[in-house]
Amino acid sequence: MVMDLKLIAAGLRHCGKVQAFKRGESIQAHVIKQGISQNVFIANNVISMYVDFRLLSDAHKVFDEMSERNIVTWTTMVSGYTSDGKPNKAIELYRRMLDSEEEAANEFMYSAVLKACGLVGDIQLGILVYERIGKENLRGDVVLMNSVVDMYVKNGRLIEANSSFKEILRPSSTSWNTLISGYCKAGLMDEAVTLFHRMPQPNVVSWNCLISGFVDKGSPRALEFLVRMQREGLVLDGFALPCGLKACSFGGLLTMGKQLHCCVVKSGLESSPFAISALIDMYSNCGSLIYAADVFHQEKLAVNSSVAVWNSMLSGFLINEENEAALWLLLQIYQSDLCFDSYTLSGALKICINYVNLRLGLQVHSLVVVSGYELDYIVGSILVDLHANVGNIQDAHKLFHRLPNKDIIAFSGLIRGCVKSGFNSLAFYLFRELIKLGLDADQFIVSNILKVCSSLASLGWGKQIHGLCIKKGYESEPVTATALVDMYVKCGEIDNGVVLFDGMLERDVVSWTGIIVGFGQNGRVEEAFRYFHKMINIGIEPNKVTFLGLLSACRHSGLLEEARSTLETMKSEYGLEPYLEHYYCVVDLLGQAGLFQEANELINKMPLEPDKTIWTSLLTACGTHKNAGLVTVIAEKLLKGFPDDPSVYTSLSNAYATLGMWDQLSKVREAAKKLGAKESGMSWII
């Protein structure tokens with residue numbers, strides 16, 4: 001009978017290991033039939049089998065039906081719940097055992113409970129367990145003490161972890177690696193390296209911990225340790241190589257990436273989804289999309305069950321702004337048997353954002369809802385960004401409020417959308433909420449809030465945001481420095497803007513254009529041209545907006561000759577084709593000077609059809625210079641081109657009244673009444 005029990009127990013354990021579910025059930029049925037199901041030894045093995053099957057409810061049922069239990073019974077259940085990702089259940093069962101006083105915990109139980117405490121962050125219980133370990137003289141157990149160190153590490157309690165580590169007389173490689181991993185996860189790489197050098201015999205796990213830690217920090221030292229690891233004669237495995245490829249992605253190190261690609265092939269990892277994804281990411285981030293696509297297409301058939309590889313290729317297309325290819329790939333994923341995960345859906349939403357396509361976005365949004373990812377940490381934030389980006393601020397705001405975890409991505413997307421759509425008050429409110437929550441406003445959020453200050457000419461708020469920039473070290477960042485200059489310029493404090501601009505370490509065409517436009521807006525046209533020439537002298541090419549800033553400055557200051565010269569320079573020296581706005585500045589100046597023939601010639605030479613603004617500008621000048629003949633021509637152009645625009649009739653009425661052309665004025669007012677336009681200068685007070 002004893003032999004039979006051992007054979008039955010061995011059979012149950014084997015079924016659990018090889019996942020032979022039906023055979024295991026059959027053996028359990030035999031156990032019940034033989035009337036030995038209440039045998040503690042057999043019942044424990046039945047529980048162990050169900051734990052291996054990850055059928056914890058069945059295991060718990062057997063547990064509850066037992067008339068007698070021992071410490072193995074309790075430990076198997078607690079370990080099972082912990083391993084199955086249900087640490088709260090494990091802790092609950094441990095407390096139940098203590099309350100029942102059926103059994104005293106042993107080192108295996110303590111180890112399982114400490115692991116559960118680490119997962120849920122129950123440090124208080126963990127400390128009580130640690131005290132019990134001390135009272136029972138179990139601190140000499142390396143495996144158990146490793147569990148203590150691991151619990152502290154998982155919860156970022158590195159001082160306590162280090163203290164517990166020092167109590168281990170002969171630390172194992174697991175002891176060292178657990179503590180090194182803790183420092184790496186906390187970003188304390190100098191401490192991790194120091195500990196690594198103290199370790200008697202670092203193994204593959206030790207090296208991988210350091211390499212992974214440097215990758216997480218975006219540090220090129222990851223590659224330094226990868227090379228050192230290989231020189232030490234250790235094998236670069238399926239963890240180290242993808243980490244190395246990721247490090248190459250950060251630095252755009254294509255040559256090194258190709259060398260690691262060879263290592264992947266030599267190591268036989270070319271069919272590993274993890275390695276393939278890393279290769280695709282590396283080539284995509286290094287701007288070699290053709291190589292990335294080659295890797296993807298070569299391995300697609302072998303790994304078509306791994307959505308991670310498809311996600312990497314989708315991300316690669318998006319990084320390189322190949323939106324059409326990304327959309328095509330998304331369609332392929334949809335038509336395959338692959339299930340969309342949060343990364344796939346995030347990629348799909350980014351395509352919609354890039355296309356600014358609300359219709360497509362709503363379709364993807366429906367797919368997100370069906371897939372159950374609407375309130376996902378990543379997907380939810382990008383959904384907010386999508387709706388905000390297309391101007392659908394109301395829906396974006398509703399989605400934002402429904403998110404259980406509002407991260408910086410969600411705030412950033414909504415604030416940017418609000419600024420873009422002119423919801424300045426909401427943008428300010430969101431910014432204040434972000435600060436209250438203790439979230440770290442990045443330079444892009446700050447630059448958007450500065451745009452709000454510029455739009456509202458809110459100097460007080462602008463100065464407060466400037467203070468925040470100094471505190472966070474953003475003042476020297478190009479994106480925030482440019483926004484600060486723009487804010488001071490638009491708030492009328494151009495001298496402060498100039499000081500900031502002159503102190504910028506990096507100045508691109510956008511920042512130069514901003515200060516040039518600012519000088520023009522503040523009537524300092526000479527300085528606008530002086531800074532323009534400074535920009536040219538250091539080799540920065542002006543763009544169309546730069547020239548528009550100069551021409552606007554000339555228009556405001558009545559500098560016709562300078563405007564003529566600037567327009568010609570723009571075309572002949574820089575090959576830039578002017579927009580209507582550029583021509584408008586010169587036409588307006590010619591009109592102000594009464595040079596109507598030259599203005600008309602310029603309009604006729606324009607490669608663009610003149611718009612209402614240009615004709616209206618010339619119309620106003622005709623009134624000033626009493627040019628009734630040209631007014632008739634312009635009136636014909638305006639009425640033919642913009643017959644339904646009430647402002648056209650208002651402008652014509654003003655011109656006719658100025659010139660005393662009463663018959664024409666009467667006709668225009670009659671036409672305006674038919675259109676439903678309100679006559680200029682007329683109001684009724686009831």
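Glycine residues also receive a Cβ, built from the backbone N, Cα and C atoms like all the rest.
Per Swiss-Prot, the features are:
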type	residues	note
REPEAT	39-69	repeat 'PPR 2'
REPEAT	106-140	repeat 'PPR 4'
REPEAT	141-171	repeat 'PPR 5'
REPEAT	207-236	repeat 'PPR 7'
REPEAT	272-302	repeat 'PPR 9'
REPEAT	306-340	repeat 'PPR 10'
REPEAT	341-375	repeat 'PPR 11'
REPEAT	376-406	repeat 'PPR 12'
REPEAT	442-476	repeat 'PPR 14'
REPEAT	477-507	repeat 'PPR 15'
REPEAT	508-542	repeat 'PPR 16'
REPEAT	579-609	repeat 'PPR 18'
REGION	614-686	region 'Type E motif'
Is the repeat 'PPR 15' (477-507) packed against any residues at least 6 beyond its ends, judged by a Cβ distance under 8 Å, and which are they?
443-444, 446-448, 450-451, 453-455, 457-459, 462, 465-466, 469, 514-515, 517-519, 521-522, 524, 540
For the repeat 'PPR 18' (579-609), residues assigned helix / strand / coil by DSSP:
23 helix, 0 strand, 8 coil
Per DSSP, what is the residue count of the repeat 'PPR 12' (376-406) in each of helix, strand and coil?
23 helix, 0 strand, 8 coil
Positions on the same chain near the repeat 'PPR 18' (579-609), where near means CB under 8 A and six or more residues out:
544, 547-548, 551-552, 554-555, 558-560, 563-564, 567, 570, 617-618, 620-622, 624-625, 627, 630
